[in-house]
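Novice: To start, I am sharing the structure in question, which I have written as C-alpha cells.
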Amino acid sequence: MTLIENLNSDKTFLENNQYTDEGVKVYEFIFGENYISSGGLEATKKILSDIELNENSKVLDIGSGLGGGCMYINEKYGAHTHGIDICSNIVNMANERVSGNNKIIFEANDILTKEFPENNFDLIYSRDAILHLSLENKNKLFQKCYKWLKPTGTLLITDYCATEKENWDDEFKEYVKQRKYTLITVEEYADILTACNFKNVVSKDLSDYWNQLLEVEHKYLHENKEEFLKLFSEKKFISLDDGWSRKIKDSKRKMQRWGYFKATKN
C-alpha cells in the first residue's frame, strides 16, 4: 500500500522503483490475490476482527493498493469503501477488479492534498503505508483523519516501525534510505496519535505475529518457485527472497517492528 508526500516526484519514484507494474504483481504473488501488504487476507481478517460496521458505514482506506482491504470490508459488512493511493498504475489495476460495484471507489490522489467533509467516515483504515510519510506529514495526515472521522469513528492502522535510531546498524540505515521510509518506534507513533487529539489510543507491537507471516510467505515463495519463474525472472526471485530474508532477520533481532494502532475520535 502506498502514499507519499510531494505528489509529482515521489509518485514517479514509487511507480518507477518499488511499485512498477511488475513489482506490484511480484508482491501480489507472495501476499496473495488483491494484496500488496503484510499478511494479505489472513492479516486483514485478524486486524478487522473487532470492528463493527454495517451497510451504511463509510470507510476510507489510505494507501489502498490493489484494494484487497476495501473488497474484504465491503464483502463482510456491505460498507461503502473509498480507497486512496498515490500510484495511478495500482489504482487502475484495483478499479479493474471491482468494476460494477458502486460501493467501492479507488482514487489516485495524494492524501495530504485530498479533502473530505468533516465527520464523514466511520472507519479510517491504513495498512503499511504511512511509513512513506515524513514525521511532519504523519502529523498532518492524522490531523486530517481526526477531522474526517465521525464523532463515533475509529482509526485503525498497521505500519512498519523500528527500534530507536541509535540502535540502527549501517545495513538497516541503507535499507530505510533506499526505500525513503520514515520509521519511528511504536511508542512514538502512539504519542503522535495522542497529540492529534485521538482518544482511547491502543498501540501494540505485533512483530512476533509479523515474523510468523513473513516465515509463511517466505516458505510459500520457495515452495512455488517453479510457478514464480514462469511469470517472473530469476533476478526477481532472488530480490524477493533477499528482501524477505532481511525482514525476517531484522524482525527477529528487533530492528524492524510491526505496529498496530487503534484510536477513536471521542
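Glycine is no exception: its Cβ is also placed from the backbone N, Cα and C atoms.
What Swiss-Prot shows for this protein is this:
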BINDING   Gln18, Tyr27, Tyr160, Tyr175, Arg179, Tyr181, Lys247  phosphoethanolamine binding site
ACT_SITE  Tyr19  active site
BINDING   Ile36, Ser37, Gly63, Asp85, Ile86, Asp110, Ile111, Arg127  S-adenosyl-L-methionine binding site
ACT_SITE  His132  active site
Novice: For each of Ile36, Ile86, Ile111, count the other CB atoms within 10 A of its CB; which of these binding-site residues has the top count?
Specialist: Ile36
Novice: When you put His132 (active site) at the centre and draw a 10 Å sphere around its Cα, which of the recorded positions Gln18, Tyr19, Tyr27, Ser37, Asp110, Arg179 have their Cα inside it?
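Specialist: Cα within 10 Å of His132 (active site): Arg179.
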Novice: When a 10 Å sphere is centred on the Cβ of Tyr160 (phosphoethanolamine binding site), how many other Cβ atoms does it contain?
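Specialist: A count of 22.
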Novice: Of Tyr19, Tyr160, Tyr175, Arg179, Lys247, which is closest to Asp110 (S-adenosyl-L-methionine binding site) if I measure between C-alpha atoms? They're all recorded positions.
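Specialist: Result: the closest of the recorded positions to Asp110 (S-adenosyl-L-methionine binding site) is Tyr19.
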Novice: Please report the three-state DSSP label of Arg179 (phosphoethanolamine binding site).
Specialist: helix
Novice: Between Asp85 (S-adenosyl-L-methionine binding site) and Lys247 (phosphoethanolamine binding site), what is the CA-CA distance rounded to a whole number of Å?
Specialist: 24
Novice: Assuming the binding residues for phosphoethanolamine are exactly those in the record, Gln18, Tyr27, Tyr160, Tyr175, Arg179, Tyr181, Lys247, what is the maximum CA-CA distance in angstrom, rounded?
Specialist: 18
Novice: At the Cα level, what's the spacing in Å between Tyr160 (phosphoethanolamine binding site) and Ile86 (S-adenosyl-L-methionine binding site), rounded?
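Specialist: Between the Cα atoms of Tyr160 (phosphoethanolamine binding site) and Ile86 (S-adenosyl-L-methionine binding site), the distance comes to 18 Å.
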Novice: These are the binding-site residues: Gln18, Ser37. Which one scores highest on other Cβ atoms within 10 Å?
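Specialist: That would be Ser37, with the highest Cβ count within 10 Å.
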Novice: Cα-Cα separation of Arg127 (S-adenosyl-L-methionine binding site) and Arg179 (phosphoethanolamine binding site), in Å?
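Specialist: Distance (Cα to Cα, whole Å): 17 Å.
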Novice: So how many other Cβ atoms are close to Asp85 (S-adenosyl-L-methionine binding site), meaning within 10 Å of its Cβ?
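Specialist: Asp85 (S-adenosyl-L-methionine binding site) is surrounded by 29 other Cβ atoms within 10 Å.
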